[in-house]
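Structure first, commentary second.
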Amino acid sequence: MEEQSGLSDRHRKASPWPLFIAVGLALAELGVFLDLVSIAIGGLLLFVGCLGGIVSEAGYARTPWPFIGGLGLVLAVVGIALTALYPLGGGGALDLGFRAVSIAVAGLLCMGGSLLGRVVLERQSTV
Amino acid sequence: MQIDGQIALTVLMGLLLLIVAGWIARIEDWRSYTPLASGGGRAVDDTAYETQEKPGGLVRWLTTVDHKDIGILYGIFGTFALMWGGATVALMRTELFTPEQVLMEPTTYNALMTSHGITMLFLFGTPMIAAFGNYVIPLLIGADDMAFPRINAIAFWLLPVAGTLIWSPFVLMSLGIEPAQTGWTMYPPLSVNQSALGIDFMLLGLHLSGISATLGAINFIATIFTERAPDVGWERLDIFSWTMLTQSGLILFAFPLLGSVLLMLLLDRNLGTTFFTTDGGGYILYQHLFWFFGHPEVYILVLPPMGLVSLILPRFAGRKLFGFKFVVYSTLAIGVLSFGVWAHHMFTTGIDPRIRSAFMAVSLAIAIPSAVKVFNWTTTLWSGRLRLTVPMLFCIGFVSNFIIGGVTGVFLASIPVDAVLHATYYVVGHFHYIVMGAIGFALFAGVYYWFPLVTGRMYQRSLGLIHFWLSFIGTNVTFFAMILLGYGGMPRRYAEYLPQYATLHQVTTIGAFLIFIGGVVFLWNIGQSWLEGPRVEDGDPWNLKEDGLVTQEWTWFEQKLETRLADGGEPSDDETAMADGGERE
C-alpha cells in the first residue's frame, strides 16, 4: 500500500471523509450523552475511522491504521479509567451508566480494526 | 421492549457503518491500489476522468472541499434555516394578534420562540456569514482556496447535523420527544429541571454548531494570515476580510466557552453534576459564562455584515470608503471591548453595584467605535455619486436601522434605564433592529451584490425593490412598535397579554407579515433568477471600473467569463443582463 489512490488524487477538490466525520461526531456525542450504547460505539468508530482516512488522504500519515490505533488507545484508556472511577451500577459519585464502557469498547474496537487493517489490508495490497 | 429497542438501534447502526464503508470503498476505488502498486496500469477512461477536479452529480456536493462550493452549501443551508426561523415567527406573531390564546398552547409558543432564536442566531446568521466568507475571501485576497479545505468541509457538514438535532424534536413530538422551551439563553434551573429530551438534542446540536464555527474561524484566520497573494499586504487587505478576521478571533475566544458551558449543562441534566445548582456553582455562574460568550456573539454576528456594508456601499457611492483605517481600527476596538460588556445582561440579577457600574461604562464606550463606523458610512455617501441599486438600498437601510438599534442599545446600557426596561419588548425591539434591520439587511445586500458572481445570472430588479421596501417598512413598523410596547411595560416571552397592548401588538404583527412577504419575494427572486435570469456577459456587471473601485473577486469573475468564451462559450438565447437586474433604460 505504498501508493494510495483516493478520491482526492483523482479529484483535487473532493474528499469523502468530512461528511462522515461530522456524522460520526454527532452520533458519538448523542450516543455517549444519552447513554445509547450502540449509537455511541458506532458513532465513535465512524468518527475515528474517518479521521484516520482524512489524515492519510491529506498526506499527514502514510496509512490510516496507526492513527486509528492511537486514537483507539486514547479512547480505551479514557473509557477504562472512567469505568474504574465510576463502576457500573452507580458505585462511584456519579452513575455513568454504560457511557464509559461504550467509550472503552469503541476504543478497543478501533485498536482491533487498526491491527486488522495493518495485517490484512496492507498485506493484501502488497501481494 | 427496551432490549428490542437496543437491538434495533444496533442493527441500524451496523447497517449505517456498512453502507458508509461500502460507499467510501466504492468512491475511493480501493481496487485501483493493486494495479498501482504493481506498476500503475490504469484504464484509459480513468485517465480522462482524472483531469476533472470534482466528481459529478450529487457526489460532488457531498464530497466537495472547494471553497466556492462550500460557500454555496452554507448559503443554501442558511436559507433553509431562514425559512424555518421565519415560519416560527410567523406562527408566533399570528398568535399574538389577539390578547388571548387562540392558535396554540403556550408551551408550543415557548418551543417556537426558543427555536426561532436559536435558529436565527446559530443556524442562519453564522452560516450565512460563513457563506460569504468562504466564497469571497479567498477570491478577495488572491488565495487558491481556504488554508484547510477539508476542515472547511467538516465545519460545514457539522451544521446540517446540528440543525437536524435542534429541529428534529418538532418532527418527533409524536414519539414523546418534546422540543426545548427554554428560550435561546437556556438559563438554569429551567434548562436543567425541564425533562424534555428536546433540550438535550438542542444542547448537543448547539455544541456541534459551536465546533463548526470554531473550525471555520481557525480556517479564516489561517487563510487570511498565510494564503494572501504576494501583492496583498496588510495595507491592501479589504475591509470585509478585516471584519472576518476580527470575527474569527472573537469566535476563537467565545465559542469554546459556549461549548464547555453546554457540556456542563448536559452533565447537570444527565449525570447529576452540580455546576449550576444552588449548592454548586450557582445560577449566576451560568449567566456569567453564557454572556461572556453571548455578548461577543452579537459582534460575531454584526462585524462581518458591517464589513459587507463597508465594502459594498462605497461601490455605489462612486468613491472609496471614507477613513478606511478608522473603520479597521473601530472594528478591532469593538472586538476587544466586546469581551468587557457581558454583565450588562445581568444588571437586574443583584450582582455587586460596583461591577455593574464598570460594565455600564464599557457598554457605553463601545458605542464610540460603532458611531465611528456610522460616521464613515455617512461621509462616504456625502457628495458621492449614488446609484440606488438593490444592494445599495439594503446598505442604506442597514445604516438607518443600525442607528436606531444602536441608540436604543445605548439607553439600555444605562443601569437605571435597564432596571425599568429589562425583559420588556423594548429589548426585543432593540436587538431586532440590529439582527434583522442591520445584520439581515447587510446579508441581503451581499446576496444581491454577489448574485451575478456566484450564479452568472442577474436577479430581477423589480422583485428586489419590492423585497427591500417591504423589509424596510416592515422592519421599522414591527420593531418600533415593539419599542413602544416595551416602554408601556409589556414583558417579553409571553404567548398571551393584557388587552391594553392589543393595538401595538397588532401593528407589530402586520409589520412582521410585511417582512415575511418580502422574504417570500426574495426566495422567489433568487430561485427563479438562478434558473432563468438573464446571463451576465460582462465581467463588471456593476460598472465598478468607471470609478476605479473593482475588487479582486470581480477580476476573477471577468477572467472566468473570458475563459468560458475562449472555450467556446455557452450559446445563449437569453437576454443579456444589464447592471442591477436587466432593466433597460
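Positions of Cβ are set from backbone N, Cα and C atoms, glycine also.
Database features, via TrEMBL:
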type     : residues  : note
DOMAIN   : B:61-543  : domain 'Cytochrome oxidase subunit I profile'
REGION   : B:565-585 : region 'Disordered'
TRANSMEM : B:6-25    : transmembrane segment
TRANSMEM : B:70-92   : transmembrane segment
TRANSMEM : B:112-141 : transmembrane segment
TRANSMEM : B:153-177 : transmembrane segment
TRANSMEM : B:197-221 : transmembrane segment
TRANSMEM : B:242-267 : transmembrane segment
TRANSMEM : B:298-314 : transmembrane segment
TRANSMEM : B:357-376 : transmembrane segment
TRANSMEM : B:388-411 : transmembrane segment
TRANSMEM : B:431-451 : transmembrane segment
TRANSMEM : B:463-487 : transmembrane segment
TRANSMEM : B:507-526 : transmembrane segment
Among B:6-25, B:70-92, B:197-221, B:242-267, B:298-314, stretch most in contact with the transmembrane segment (B:357-376) (C-beta, under 8 angstroms): B:298-314
Folded-back contacts onto the transmembrane segment (B:70-92), same chain, C-beta under 8 angstroms, at least six residues removed: 61, 64, 103-104, 109, 112-113, 115-116, 119-120, 123-124, 127-128, 130-136, 152-153, 156, 159-160, 163, 167, 447, 454, 512-513, 516, 519, 523, 526
Positions whose Cβ lies under 8 angstroms from the transmembrane segment (B:6-25), at least six residues beyond its ends: none
In contact by Cβ distance (the transmembrane segment (B:431-451), the transmembrane segment (B:112-141); 3 or more pairs under 8 Å): yes
Recorded stretch that, among B:153-177, B:242-267, B:388-411, B:431-451, B:507-526, has the most CB pairs under 8 Å to the transmembrane segment (B:298-314): B:431-451
Spatial neighbours of the transmembrane segment (B:153-177) far in sequence, C-beta under 8 Å, 6+ residues away: 64-65, 70, 73-74, 77, 80-81, 84, 111, 115, 118-119, 122-123, 127, 130, 196-198, 201-202, 204-206, 208-209, 211-213, 215-216, 219
